[in-house]
Amino acid sequence: MLRLLTMKPEAVVVIEKLIHGGEGLARLPDGQVVFVSDVIPGEKVHIKITQRLGDYSLARPLEILEPDPQRRKPICPYFSSCGGCQFQHLPYTRQLEEKLSIFCETLERTGKLPAKELVSGIVPSPREFFYRNRLQFHVHQETGALGFLKRRSHDLVPVRECALAAPEINEVIKKLPDIPAWKRLHPYVKRVNLALSLAERKVVLLFWSQLAPREEDLAEIYEELSVLKAIYYWIRGRNPVGPFPKDAKDRGRRRMPIPKQIAGTEKDVFFWASPGVFVQANWEINLNIMAYLKEILPLASGQEILDVHCGIGNFLLPLATGTNCGEGVDTDHRAIADAQENASLWGLSQVTFEVYSAIEALINYFKEARSFPLALLDPPRGGCKEILRFLPDVVSEKLVYISCDPPTLARDLKILQKLGFKILSVKAFDMFPQTFHLESVTLLEKTS
């Protein structure tokens, strides 16, 4: 305790490397580790310690004394306060280098894996800014402005534009707070979801409300924002209320296009996605992952595929085109309804979807002594540790693990190796430029 009390609140440090989370690791004069935001490896920085947590501290830069030659000015005026981005001060090519380095180190340290042998590189995003087709916001209770949480805080940073959001979403961010009807509604609204229907470049507005809004207010918002496709609100129950207007095109659902070359169909197709249902935020990278899966998985005709976190059928349907059979499970009943309709739209009657949790589905397959030549895992950030022990009995040949969180991926891959799976390849995909987040695809083969 005496040591902590005598520590100086400021120091000069040299940044050793970036870590998962996007911060720079440095050491204070007494050797204690300190994590510093908005820095680049090799920089000499004058820092202010903001928090002391046991054997490490958190800090922010007061002055970059010796900046990296590649350092650039962030394009976003909210970068230093908003918690959404970590790397805007880095050129995009440097971001890719650093993210790949962090990814490999995470696999090596947490998973004890030979990352340099396994990881075949990182696929860049076609766009480094304005790429997100969906975003969720908090609502400023006084002004009605949309915003994000401040770094390491529950304080709200109101924004009038997001450098990651599609232009149509930014139009809503900018104009919505000034609409009189929204000024009447926003005190009862906690969160707002804005999602772009890519086929017609229209936005679906979904908000969580404590009270049911008046139709006159919804009508005013819809009329003032020509970029809107529909409005939904969630007040209670399993489904959001809507669409508004009642005759909204496609019932206000999103249409997400897929080129025929990737879908494996005779013509271009699309996915339906209901309001609030999960869809990958960077659609171009999502298409790249679809194409990569078809490249590394030359499937035999009639092969059965299991998708344990199927969503709207995002990865299963492109793999099942032709004569391949598939089963998809997910806990979201609305996503499953979309997946079923998408399979019908694509003419894939041999693909079925059911509402189950991953653990429920695998226990059922285990009890039925069913196995699949290929299984897909696409879990949330927490990974899927609870289902791994069932996979040796349910997967007979290949396993694909699509991850959005390197630490949980490393943990789960370490377990899968002990269960008799061999890692064949790993590739990273930059789903979220300007942030530390990284998507990856790992191909495994059952060996015993």
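Cβ coordinates are placed from backbone N, Cα and C, and glycine is handled just like the others.
Whatever TrEMBL says is automated annotation, not expert-curated.
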Of Asp217, Asp330, Asp332, Asp338, residue recorded by TrEMBL at the S-adenosyl-L-methionine site of Gln280, Asp378: Asp330
DSSP residue counts for the domain 'TRAM' (3-63), split into helix, strand and coil: 4 helix, 33 strand, 24 coil
Length of the line joining the Cα atoms of Gln280 (S-adenosyl-L-methionine binding site) and Cys404 (active site), in Å: 11
Whole-number Å value for how far Cys404 (active site) lies from Asp330 (S-adenosyl-L-methionine binding site) (Cα to Cα): 17
For Cys404 (active site): intrachain residues, at least 6 apart, with Cβ closer than 8 Å: Pro380, Arg381, Met431, His437, Leu438, Glu439
Fewest-neighbour residue among binding-site residues, criterion Cβ within 10 Å, set Asp330, Asp378: Asp378
Among Gln280, Asp330, Asp378, the record's S-adenosyl-L-methionine binders - longest CA distance, Å: 15
